Amino acid sequence: MATLIRTLADHSDDINCCAFSSSHLATCSLDKTVRVYSVPDFTELPYSPLRGHTYAVHCCCFSPSGRVLASCSTDGTTALWAARDGRRLAVLQQPGASAVRVCRFSPQAAFLLAGAADGSLALWDLGSFKLCKSGHVKGGSLVACAFSPSGNFFVTGSSSGDLTIWDDKMRCLYNEKAHDLGVACCDISSRPISDSENGFKYFQMASCGQDNQIKLWLILFADFLGVQLKYKCTLNGHSAPVLACAFSCDGQMIVSGSVDKCVIVYETSTGNTLHTLSQHTRYVTTCAFAPHSPLLATGSMDKTVHIWQFDLKQPCAGDTVKNEAKVAVEDWSEDDVSAWLCAQDLADFVGLFKMNNIDGKELLNLTKESLANELKIESLGQRSKVLQKIEELRMTMISVSVPVPDEFLCPITRELMKDPVIAADGYSYEREAMENWISNRRSSPMTNLPLHSLMLTPNRTLKMAISRWLDTPQK
């Protein structure tokens, strides 16, 4: 379940972008300002709003550490701000002084990428604030960009509909016509997908555009193979152009926002719709998941930003599905089966399954013999792969999910704790999550009050209780 927990209505014009760090939320607008809020209570920080751009601010993003905030504008500049106190650290002038539409930090925060309306692309060295490399796309504005988690390549999207893959030396490696009427946004999941057969790791990318579609792609980057971009599947659900898309930090969910005023949250592995949120009254222009908490921010031309909280104890992306889900699979349409095939890297069989009218019920009843004799899949290896995926689906459908006791879940990540520690506020947290938390602030994640000490004490009693619970057969 997704619950609307807060609405921010401080901007005086359309919201263009919102971005999370582990401790802050930034929003930017046509009103020329950037506003910064504290997470988790969403109070506006004393130095907010940030003023300095002379025209509309199109995009904002945090560095991986959360210490630096970037914003870019129609005024042809990208500004860098200190997230701690709002000081402006630098103003980077785009080559050609064209309106800057999008900006992103590299994963190691060594560079900042900025794309502009004239198709120019600037890679800035953040150590010196000097222009490091520049590039250009033809026939359209640069409106989207995303770095791979490794930082050795990035992708740009243009208003002409192209997705272009670049290496870190600004060399164009690959170009694909992805959305006929123009790309609006793209994002790359931080979690790679392993190919057990070949030993490769693929990066999963989502793109959306004016054609009302969200497309999922797999990117393989290898020195000896170059770059491969493989279409995976299309997520349908919006009835108008899709302006924004983003992966959750674990890669298990994708969110999108559209001209149809709706926000849709999908499960990445199946393409199934988890939530449809329709509280905005005008176009949804931006959406962003928080990195370490079950929060989602969505912004709109209605001048508001909605903050949503997910109940991760409900069946959600990556969870074991309850028995009732078996009925849902049996009720899958042929399109649902096609989406499942794409999510299982079996997209080559979509046409064959559609031709044979395979719906959810038929899918669960497929056997080795029917794959060979009725669907005419000649390759034994391919039949085995399909059958293995179907068997995994059957096993998932018949398993019973037992809710994790709430006291075993880290309050920050809402995941089962492996190394619980007690903080000075008396609450227990996953060690890594709490260490990340206190590296940026000295307040309690639960109370937001100052921590009198940063000492973390192992909670061995809780760890033993979790271990006993895991070892006990769940009914």
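Numbers run from 1 along the shown chain.
Each Cβ is built from the backbone N, Cα and C atoms, and glycine gets one as well.
These figures come from a predicted structure and were not determined experimentally.
Over the repeat 'WD' (50-91) the predicted model carries a mean pLDDT of 95. For 50-91 (among others), the entry in TrEMBL reads repeat 'WD'.
If you look up TrEMBL, you'll see 93-126 (among others) marked as repeat 'WD'. A Cβ distance under 8 Å defines the sequence-distant neighbours of the repeat 'WD' (93-126), meaning residues of its chain 6+ beyond its ends; these are 55, 58-65, 68, 70-78, 80, 132-151, 154, 156, 158, 166, 168, 170.
Per TrEMBL, the feature repeat 'WD' maps to 146-167 (among others).
Applying DSSP to the repeat 'WD' (235-276) sorts its residues as follows: 0 helix, 22 strand, 20 coil. TrEMBL lists 235-276 (among others) with the feature repeat 'WD'.
As annotated by TrEMBL, repeat 'WD' applies to 277-311 (among others).
Here the domain 'SAM' (332-396) is broken down by DSSP into helix, strand and coil counts: 48 helix, 0 strand, 17 coil. Annotated domain 'SAM' per TrEMBL: 332-396, in sequence order.
The domain 'U-box' feature in TrEMBL is assigned to 403-475.
For the repeat 'WD' (235-276), the list of distant contacts is 1-2, 181, 184-191, 204, 206-216, 282-292, 296, 298-300, 316-318, 335-336, 339-340, 342-343: same-chain residues at least six beyond its ends, Cβ to Cβ under 8 Å. Proximity of distant same-chain residues to the repeat 'WD' (277-311), defined by a Cβ-Cβ separation under 8 Å and at least 6 residues beyond the stretch ends, is recorded for 1-9, 11-22, 25, 27, 29, 39-40, 42, 243-249, 253, 255-259, 261-265, 412-414, 433, 436-437. In the domain 'U-box' (403-475), the DSSP tally of helix, strand and coil residues is 23 helix, 12 strand, 38 coil. DSSP states for the repeat 'WD' (146-167), grouped as helix (H, G, I), strand (E, B) and coil, give 0 helix, 14 strand, 8 coil.
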